[in-house]
Amino acid sequence: MDNTIIRRAREGRIDDEMRKIAEAEGVSPEKLRDRIAKGQVVYIRNVKWPSEKVVAIGKGLSTKINVNLGTSTEVVDLDSELKKVEVANKWGDTLMDLSVGGDLDAIRRAVISKSKLPVGTVPVYQAFIEAFNKRSGGAYFTIDDLFNTIERQLKDGVAFMTIHAAVTKEAAIRVLKSDRVIPVVSRGGDMIIGWMLHNDAENPYLTHWDYLLELFAQYDAVISIGDALRPGAVADAHDEFHVGELVEAARLAKRAIKAGVQVMIEGPGHVPLNDVIWTIKLEKRLTGGVPYYVLGPLPTDVAAPYDHIASAVGAALAAAAGADLLCYITPAEHLSLPTVEQVEQGAIAYRIAAHIGDVVKLGRKARRWDDEVSYYRGRLMWDEMIKRLVDPERAYKVYTQYGPPKVKGCTMCGGYCPMNMVIQQARRLK
């Protein structure tokens, strides 16, 4: 464990990795080092398979977005998933392979090979599915099966993993007896809960946490503590199960940081808009600033097939309040496996949400982008403005969708463009 990035930071060392991150993020190497040492910043990578893109997540850094992809039991199309990787490479900062159908090892290795980004997984999926195929029951996987799967995926180059360690057997039993609208919506969490109930045993991640830390330290990979009991309906947000699991996750995160292992915490989920800021502040208070990786949040249950729009509202507010990594949501959420196009729609929505949040969280540093666009828009310098937009290619297509404008303005106002008239009046004043 002595050579993990946290250990090096605690020794006061600033190495080439830290300098590279600091330069990319526009922060001082000393501040970055101190935040890594405290567990407030994580560097997403596997030392055995460094990704092309440098990705650091946490305090004082730009908000990052994660793109989920992967096969289902109903749709196994590797070519399509690899096209989604290309979308992630263009728009995202990290990606997760959530495949549950087909040859999981082959799919994961193909995704890692194609990706320019750090790749994450949920290892219990593979342990559960392989046990189901071999023993006719997913909950029949052994603890050795689970940890062998984790080690195999780390050896393949997986940089971070969702580990549902914070749900206890007692909490699992109580949530299933509760009056929650939807007791459990986490697929990986459900698999761990099923294992605990089938085996009448405590969460294997929880009972073997120290061994798990040793595994991750070998690769300096990041543990992302999953939220098995995250609210799947706005009515369930911040109930005893949601908050109780977050408290346990905070305890586990502190143990990981003490051991020199990088860690994030995952968050909701479905949360009313008026509670989004509060849930971010709560995580930061409980953990001392451990990076928060949130799904959405989605502030309404009624928006499908427009959940990418609805959740981007929650995501922007979450980022402004201090969320560090946003897990995107696509138009297919709650309805279907997403297509390549839907993956891109979700990724773009979240790229915009992340920037909106950063304008608040990082201030002038993030707002320079907006200021440049507005400068050129106000002077009708269309080429300069368009190439600075979030999606210049689509922007140009929209700008010319009725043919090249016949006047200096666009086809919306035409000759009555207010900026054009202001420019002419300003010239007269001079």
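Just so you know, glycine gets a Cβ as well, placed from its N, Cα and C.
Going through Y43, Y125, Y140 against Swiss-Prot, the one listed in the substrate site together with N68, M96, H164, S186, R187, G188, D227, A228, L229, R230, E266, Y293 turns out to be Y125.
R230 (substrate binding site) carries neither a helix nor a strand DSSP state and counts as coil. Of all the binding-site residues in the record (H270, H334, C417), the one with the smallest CA separation from Y125 (substrate binding site) is H334. Take the Cα of H334 (Zn(2+) binding site) and measure to each of the binding-site residues R230, Y293, C410: the nearest one is R230.
Take the binding-site residues R230, H270, H334: by the count of other Cβ atoms within 10 Å of each Cβ, the lowest one is H334. The Cα of Y293 (substrate binding site) lies closest to that of C410, out of the binding-site residues C410, C413, C417.
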